Amino acid sequence: MPLVRDNTRGILLMNVAMLGFTVSDAFTKLSTRSLPLGETIFLRGLIAATLIGLAVIHEGSWREWRRLVDPRIVLRLIGELGATLCYLIALVHVPLPNVTAVFQATPLTMTVAAALFLGERIGVRRWAAIAVGFCGVMVIVRPGLDGFDPMSLLVLASVVCVVLRDIATARLSATIPTPLVTLATAVAVTAMGPLLIPFESAVSLQPLWRVPNPGEIATLFLASSGLLIGYVFLIRATRLAETSAIAPFRYVLLVWAFVFGLTLFGDYPDLPTVIGAAVVVATGLYSIDSERRARLAAA
């Protein structure tokens with residue numbers, strides 16, 4: 001059954017999703033200051049999966065669990081796991097505004113993927129905009145310069161995984177309940193946490209597990225709540241609205257990251273980060289607008 005697109009609602013949902021993800025990122029980063037990353041991923045995911053599971057049971061969509069045996073959902077989970085792992089490892093070591101700024105290359109990368117794998121035609125101007133946008137990413141990452149942090153490259157790996165995830169999400173059947181997809185995602189990410197703990201302990205020589213105190217539990221709950229909001233609203237936005245309509249509003253994430261980075265961690269984005277982020281956002285918006293105009297001309 002074809003979806004009825006509602007771009008206005010999709011845009012609103014995307015804005016809420018970006019705020020939710022930023023809250024999750026900020027409080028996850030805060031948690032990893034005292035807890036191992038693997039433990040943080042597990043506990044954050046456990047809380048989120050429990051809340052989502054209760055919602056799935058309440059609305060009865062658990063009866064559709066067989067619908068999860070779908071190659072597109074498996075592909076989505078692979079993308080989500082790769083994106084989460086790469087992103088969170090980078091988040092521990094790199095300031096929040098910098099991580100988020102590099103992550104804004106996602107729409108540009110999505111455009112490249114559409115051209116390479118989906119047969120979408122991209123004009124010379126859009127290719128030029130994409131090239132300039134990736135130059136902006138390099139300004140933020142600064143490879144070979146004093147400010148370079150190799151961990152920033154993990155954010156780029158995360159971007160590739162997100163593109164895989166979003167392409168799979170957009171092709172899901174409209175009859176698969178969104179909460180069920182969200183639950184499958186949360187469970188998969190939660191299960192990744194314990195698998196990461198032994199490797200993390202071997203590298204850092206820190207204890208495998210530490211019992212969190214009440215303050216840390218509260219921080220994890222806030223991170224989980226933000227993650228839950230982000231998951232649900234992003235999936236709904238992706239399935240409800242046209243990609244070209246909601247994609248520009250991913251950049252709201254950057255604004256929230258600057259706010260939370262400054263207030264919680266005292267992270268002031270330096271001039272190269274601000275310039276690079278501005279270039280990425282400007283070229284991303286240009287690419288999205290060009291795609292929209294091309295579709296209107298072809299209609």
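Cβ atoms here come from the backbone N, Cα and C positions, even for glycine.
Per TrEMBL, domain 'EamA' is recorded for 9-141. If you look up TrEMBL, you'll see 42-61, 73-95, 101-119, 126-145, 151-168, 180-197, 217-235, 247-265, 271-288 marked as transmembrane segment.
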Long-range neighbours of the transmembrane segment (217-235), counting only residues six or more past its ends (CB under 8 A): 13-14, 16-28, 30-31, 40, 43-45, 47-48, 51-52, 169, 178-179, 181-182, 185-186
DSSP-wise, what's the residue breakdown of the domain 'EamA' (9-141) into helix, strand and coil? 115 helix, 0 strand, 18 coil
Per the 3+ Cβ pairs under 8 Å rule, pairs at least 6 apart in sequence, do the transmembrane segment (126-145) and the transmembrane segment (271-288) touch? yes
So, taking each listed stretch (42-61, 73-95, 101-119, 151-168, 247-265) in turn and counting its Cβ pairs to the transmembrane segment (271-288) that are under 8 angstroms, which one gives the highest count? 101-119
Counting only pairs at least 6 apart in sequence, do the transmembrane segment (101-119) and the transmembrane segment (247-265) share 3+ Cβ pairs under 8 Å? yes
Averaging the per-residue pLDDT over the domain 'EamA' (9-141), what integer do you get? 88
